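*Asks:* Feature list, courtesy of TrEMBL:
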type     : residues  : note
DOMAIN   : B:77-269  : domain 'ABC transmembrane type-1'
TRANSMEM : B:12-32   : transmembrane segment
TRANSMEM : B:81-100  : transmembrane segment
TRANSMEM : B:112-133 : transmembrane segment
TRANSMEM : B:145-168 : transmembrane segment
TRANSMEM : B:189-214 : transmembrane segment
TRANSMEM : B:248-269 : transmembrane segment
Amino acid sequence: MKKALLLILSIVLMAGMFSSAALAQDSVSVMAVWGGQELDAFMKMVEPFEKATGIEVQYEGTRDLPTLVTTRLEAGNPPDIVALTGVGMMKQLAEEGDLVNLSNVLDMDRMNKEYSQTWIDLGTYNEDLYGMYISADVKSLVWYNPKEFAAKGYEVPETWDELKALQEEMIANGDTPWSIGLESGAASGWPGTDWIEDIMLRTTDPEVYDQWVNHEIPWTDARVKRAFEIFGEIAKDPEYTYGAPTAVLATNFGDAPNALFTDPPQAMMHRQASFITSFIRDNNPGLVAGEDYDFFPFPEIDEEYGTPVLGAASMFGMMNDTSAARAFMRYVSTAGAQSIFVSELGKLGVNKNINPNVYPDDLTRQMAAMLREAPTFRFDGSDSMPGAVGSGAFWQGILDYVSGQDLDGVLEYIESISQDTYNQ
Amino acid sequence: MFKKMNFTKIIINVFIIAFMFIWILPTIGLLVTSFRPASEVSSTGWWTVLNSPLKFTQFTIENYQQVLNQGGMAYAFRNSFIIAIFGTALPVLVAAFAAFGLAKLQFRGRAVVYTIIVGLLVVPLQLTFIPVLKIYNALNLSGTFVGVWLAHTGYGLPFAVFMLHNFFSSLPDDLFEAAYIDGASIWTSFYKLALPLSVPAIASLVIFQFLWVWNDLLVALIYLGGFQEVAPLTVKLSSLVGSYGQNWHLLTSAAFISMVVPLIIFFALQRYFVRGILAGSVKG
């Protein structure tokens, strides 16, 4: 019997030795939230790199990136490269000294030539570059069905007054202007934060927007309150938004644009970021970009502030200074690498040398132009705030407000959480 | 009297069937959804197929094809088996030794040892990630199967010891005394008496532990990482979904694919399972 036990133990040990992952080779580990097509596009992007250098790229994907990165950091084996989820995360990691200063890794002369100052600034903390951007999404977009617009004689609005007139015209015709969906599992509420951010950018200075994101003005500020009120006028009123407020709270953000393509359409317009096209295509096969669905920029509200662009972007940070990780960062900073990534996904490039021909359709080219020509660009505010506010109290506040709670109470609640969080 | 009995029986049966139905309803919904195209999943609920259940054109196996055809599925299945088989065998083996010792051997402080082990049941495993991972890094165990087996053994032991201890305690002491008089060593009475008698308890423990290890995502993600060479099925399937939650309709079919193995285990061990839960509660 003891022999049998020994046998079992030795089998266990042997199996263990064979199974140890072969990490010894020259390799670089990358951690990101991407899955599905995003992961395929990433692998396609690094394929030429692997072939040319012989360095193996080991991808680790998880939807719960911040937790995993924190755990690995504490334990002492962080991934070589991490796809940072936002400026907030980048600043936090850089402050704790967990990110490698990229100014010493990348050729900064080339970076300054190929990247606009906006993207360099957004990746910089304390005058050192920590985040390198590879693609962007534009958020200030209103989606509509051009065939319906043409059939009913609706015209694309450029100002808030034109939008208001259009809304009244739609209501008079028996149409519902907007479709909004705030449900997104544990992240429910975030589509509303994009509305508030877009409205903020159009009703105040970009500097005030930055102050708001950095909590230098309180949530109870009149300008923040006004943004919520403008959003509430639309999202809480069943005349303006399909099924408001119940359907707004219960509809998944990915399903919300479907209301534009039912027969007859349940709603006429939908404000959402550029990535929503993949949901529109998957949920409504056969629709053609530019013919069946199209976008216009979220109209200006106060003339003096124009139409700034709100966006989000993907960026890499470097956590271990190895030669393979350096080579990887240099490779993905090139227009060639990013062209592969953005063309696969319909995302927008940030490197100036990317040829517009790599984009899959005209719609994407128009978005890229909008991003390039934007007088002002601002990063998604909730992504830049500390987690407890940007992906906690702000989301909750949106849901509470839409479900009918008093606005002052909602703003005071977010403010109280902010005071606890930012002062740490 | 007879009629009344019958009446209560009917009531009980109706209740049981109703509860079973409520219990299984979400699973049926999941199954139906896994055969529907993405565009319909996003626009109508699964129950709409009940309007015309025989219209087979509304169903598709595309979701299953997409999940199975992506690269590395064979890898993921293999990894899941490697992790689950040893992650089940090790803790059950160790727990059987420990529980037998704690239940049938006389030594000082065994009540204290048993209390400490059972007390570990309330320690949340998230608490252990960072310190254990630090030790693993020092020993080069992170990213290896041995590391994740040891982790699952550690996390599974308190419950396993608790369950087997209760079962061994219910075996009559006379039996072991008789064996001792006949000249059996402790090892023989464990191997020849206790183990064969506790097959039902061990079988249900194996089911519990196997299900837990097979379905585990977090422990594997922390100690193994998401690399293709070592990632189990759960990690692989979670990467089907995009960062904004795209492709979630694929998760329905993925859930059924990963459910197949536990179902086989459960049905294979089912007759032990029922006896195991009853184990020690009644004599008969």
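Here the Cβ of each residue, glycine as well, is placed from N, Cα and C on the backbone.
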*Asks:* For the transmembrane segment (B:189-214), give me same-chain residues lying six or more residues beyond its boundaries with a C-beta closer than 8 angstroms to one of its C-beta atoms, as numbers and ranges.
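*Replies:* Same-chain contacts beyond the flanks: 80, 83-84, 87-88, 91-92, 95-97, 100, 104, 152, 156, 159-160, 163-164, 167-168, 171, 175-176, 179-180, 233, 258, 261-262, 265-266, 269, 272-273, 275-277, 279-280.
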*Asks:* Using a Cβ cut-off under 8 Å, which residues of the same chain at least 6 positions beyond either end of the transmembrane segment (B:145-168) come close to it?
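*Replies:* Those are 79, 82-83, 86-88, 90-92, 94-96, 98-100, 102-104, 114, 117-121, 125, 128, 132, 136, 194, 198, 201-202, 204-205, 208-209, 212-213, 216, 219-220, 223-224, 230, 279-280, in sequence order.
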*Asks:* Residues of the same chain, at least six outside the transmembrane segment (B:12-32), with any C-beta under 8 angstroms of its C-beta?
*Replies:* 46-47, 49, 252, 255-256
